[in-house]
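Input: a single structure, listed below in structure tokens.
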């Protein structure tokens, strides 16, 4: 049943072409916009407070990525969340580097507190730090395993009423109903900058058409990452093939290759 829901979500994104508002970091804007276009969604990188109320009145979801955070961006992010709340839209939070500095940790928690409808997507160390536990990280890179973050994820689900996506060698999608384990992806994927940020952006696209868990996006990126890696000679060509496979992916391939387990 879950696999059928995931494949139907892929078709729905392509049919509905949802608009996804992104407040994201300078490093990955091009990557994430291209990924959203390739899957069939419509991205807009809107950072201005002056237009945010209007944008959120017709957008499908809001993605907030704190990767290049500063004092100018923080109030814009909070205001954007308020506008998403006013319009009943879901917020997808990527707490990049949470735990690496107090600014990142406090900002991530403030956004999580503000959002009425929330998906949190992070690596294990970010999820652990966001929950207030001691994490092992090196800047924005995780040193903790995905399994180690499961307890923290369950805490965040209860604390913020959120769904939590832990990405890593194994992906976990944790909701109040269940925990789903995904074992797709490829070991080359962490060598392309912004791969997690790409997942966060895709999560926004699928949230806009009704998947408020983050499962469909994680399933899709894991499968296309595997297929792309089979053709790639290294990280550079992996990035190119990843976009191609996001564009080419069909329901049958997704269902056949998906490695999913409900825990």
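Heads up, the Cβ atoms here are built off N, Cα and C, so glycines get one too.
Here is what Swiss-Prot records for this protein:
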{"type": "BINDING", "residues": "45, 194", "note": "substrate binding site"}
{"type": "BINDING", "residues": "121, 167", "note": "ATP binding site"}
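Comparing the binding-site residues 45, 121, 167, 194 on other C-beta atoms within 10 angstroms of each C-beta gives the minimum for 45. Taken residue by residue with DSSP, residue 194 (substrate binding site) is part of neither helix nor strand, so it is coil. The separation of residue 121 (ATP binding site) from residue 194 (substrate binding site), Cα to Cα, is 13 Å.
Cα of residue 45 (substrate binding site) to Cα of residue 167 (ATP binding site): a span of 23 Å.
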